[in-house]
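Asker: Okay, handing you the structure first.
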Amino acid sequence: MYKKIGIIYHPLNPAACELAVRLAAKLDSLGIENWSDSAWQADKLASKIQNTQLIVTTGGDGTILRTAHAILPHEIPILSINLGKVGFMTELSPEDAILGLEKVLAGNGWIDERNLLEAEYLPHNSAPARQFFIMNDAVVARGQIARVICVSVDINSHPFTTYKADGAIVSTATGSTGYSYAAGGPVLQPNSADIILTPILPHLGRGYSLVLPADSTIDLKVNTWHEATLSIDGFINMPVSSGDILRLRRSAKKINFIRLRPDNYFYKELDTKLKGNNESVYDR
């Protein structure tokens, strides 16, 4: 079923690197073409994914986020093995990695399809626009100086509010258990296409989180004399200036995970994971 498989690992986690070697050896023994590389090598990964039919990650949610950005716009399914902490997106424990891979190779499992956002960063000056895919969240926030910034929000080209706050988060359903949740946002069912808008420590005005329909377009406009930053999925980070706009909408692209657990896995594990219990269900 799978003729070419890529293994993407967390390069700073020795256990993730060692497991990647064992998985590659298993695929070699089965005569399946495979390649391995670091999740931190986006350019190299992009050059290797041609004709790859399955991606296996060894790491945590951060490894998955980097992998997703590297393989897009290709919608290659991901089988994820948790060597991180909470692991909301991961599927297997390290102990079950080989057996789980064998099950997937035998045709078992189902596809868990996740919605993405796409963002266009529009500088206020003549600098070129930039485009991003977003799996978890986009954050416009203050810089290192502890001063609030103003972020004006338009929804579908209509003014909504101006946050005077530490910043604002626009999140997918997948990202709803991350920074948005920590800032007081709701948790969405992971396959939802809705979009979450959440202010970060607002000083005055609207302090609530808002769930927007999937067809919404959201503009965040920076208005500050102080340092401000844009963070995409927690690892693409850049300074932004007053007058810059981040325009976000739902993407037509998806990220697909291979699951071996029943389709109610999210609800069964949600409370445990949000309480900070990092133990995998496969370790119990």
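Residue numbers in this text run from 1 along the chain shown.
Glycine residues also receive a Cβ, built from the backbone N, Cα and C atoms like all the rest.
Annotations per Swiss-Prot:
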ACT_SITE  ASP61  active site, proton acceptor
BINDING   ASP61, GLY62, ARG66, ASN136, ASP137, ARG147, LYS164, ASP166, LEU201  NAD(+) binding site
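Are these features on the surface or tucked inside, and what touches them?
Answerer: On its own chain, ASP61 (active site, proton acceptor) has GLY84, VAL86, GLY87, PHE88, MET89, THR90 as residues at least 6 apart in sequence with a Cβ closer than 8 Å to its own Cβ.
Non-local contacts of ARG66 (NAD(+) binding site) by the CB criterion (under 8 A, 6+ apart in sequence, same chain) comprise ILE8, ALA39, TRP40, ALA42, PHE235.
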Asker: List nothing but the largest Cα to Cα distance in Å, as a whole number, among the residues ASP61, GLY62, ARG66, ASN136, ASP137, ARG147, LYS164, ASP166, LEU201 that the record says bind NAD(+).
Answerer: 31
Asker: When you measure from the Cβ of LEU201 (NAD(+) binding site), which residues in the chain that are at least 6 apart have a Cβ under 8 Å away?
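Answerer: Sequence-distant Cβ neighbours: VAL148, ALA165, ASP166, ALA183.
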Asker: I'd like to know which of the binding-site residues ASP137, LYS164 has the most other Cβ atoms within 10 Å of its Cβ.
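Answerer: Max Cβ neighbours within 10 Å, all protein chains included: ASP137.
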